[in-house]
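TrEMBL lists 23-40, 52-74, 94-115, 127-147, 153-172, 184-203, 223-246 with the feature transmembrane segment.
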Amino acid sequence: MVCHHKQHTHNSIFLKDFILKNYSFLILSIELLACVVGFLSFRKYKDTPVKYFIYFLAYALLIETLGNYTVWITKDGVLCWLFFLVEDTLFVKNYWLFQVFWIIGSPLFFSFYYYQIIKNKTLKTSIKYVAISFAVVSIVLVSVNYHVLYSGFYTPITLLGLLTILFLVFSYFIELTNSNTILVFYRTMTFYISCGILVFWLLTTPLEFYEKYFNAYDYSFVFFKFMVFLFSIVFMYLIFIIGLLVSNPKNS
């Protein structure tokens, strides 16, 4: 029993180390797969708003790739000379990149996307004003509190992003339930997009509230955070891939 327990513990530690060391590779792999499936399906969706979503998949892959610059720009890295140029600046970490181009950028993109999808004039107008308000408030908050990005994300903006996503998704679901498309919702790409981003934002946003109570040396929390993000991202992109493969452009 003791030997079995030690073996189990060893395997558990190995798995944790593997995930932490290969986290970026795993994320990039699933994003690349979704991007490839998207562009292989492009002809199918070229006359629908889904084409903008396929462009967004490429955008997300680009941001994730650029975000890995911190791996190379280190004191002992290949581009160590760049490290000394950005040392003690906002750019020594990649929080600024993901804050601006993902946490702010993705709700704005999805606002644009759902604006194309939604037909109800009242909902379309609401989406427009919600997007404008989110953009203005985010720009002001980042400008005033840019120093926060030296060590992490600015939680109020993440929360506003979540609220924006919730508004967009539920606006879509409201319109879906009042249309004939509800009969074939499982063949509608926007349904899969909505499920994917809803799960991602609901699971990952709470982590920012708990993160301030822990530090980088709390191995258990670090691993838990990585696992939640990994599961959320993999689930979201798998949902996107399934949607791209099974959806009917006529329903999109």
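Placement of Cβ uses the backbone N, Cα and C atoms for every residue, glycine included.
Caution: TrEMBL annotation is automatic and unverified by curators.
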| Same-chain Cβ contacts of the transmembrane segment (127-147) under 8 Å, 6 or more residues past its ends? | 90, 96, 99-100, 104, 107-108, 111-112, 114-115, 118, 154, 156-157, 160-161, 164, 167-168, 171
| query | Apart from its near flanks, which chain residues at least 6 from the ends of the transmembrane segment (153-172) lie with a Cβ under 8 angstroms of it? | reply | 95, 98-99, 103-104, 106-107, 110-111, 114, 117-118, 123, 126-127, 130-131, 134, 137-138, 141-142, 145, 190, 194, 197-198, 201-202, 205, 208-209
| query | Residues sitting near the transmembrane segment (94-115): Cβ under 8 Å, six or more positions beyond its termini, same chain? | reply | 49, 52-53, 56, 59-60, 63, 66-70, 124, 127-128, 130-131, 134-135, 138, 142, 146, 149-154, 157-158, 160-161, 164-165, 168, 171-172, 190, 193, 197
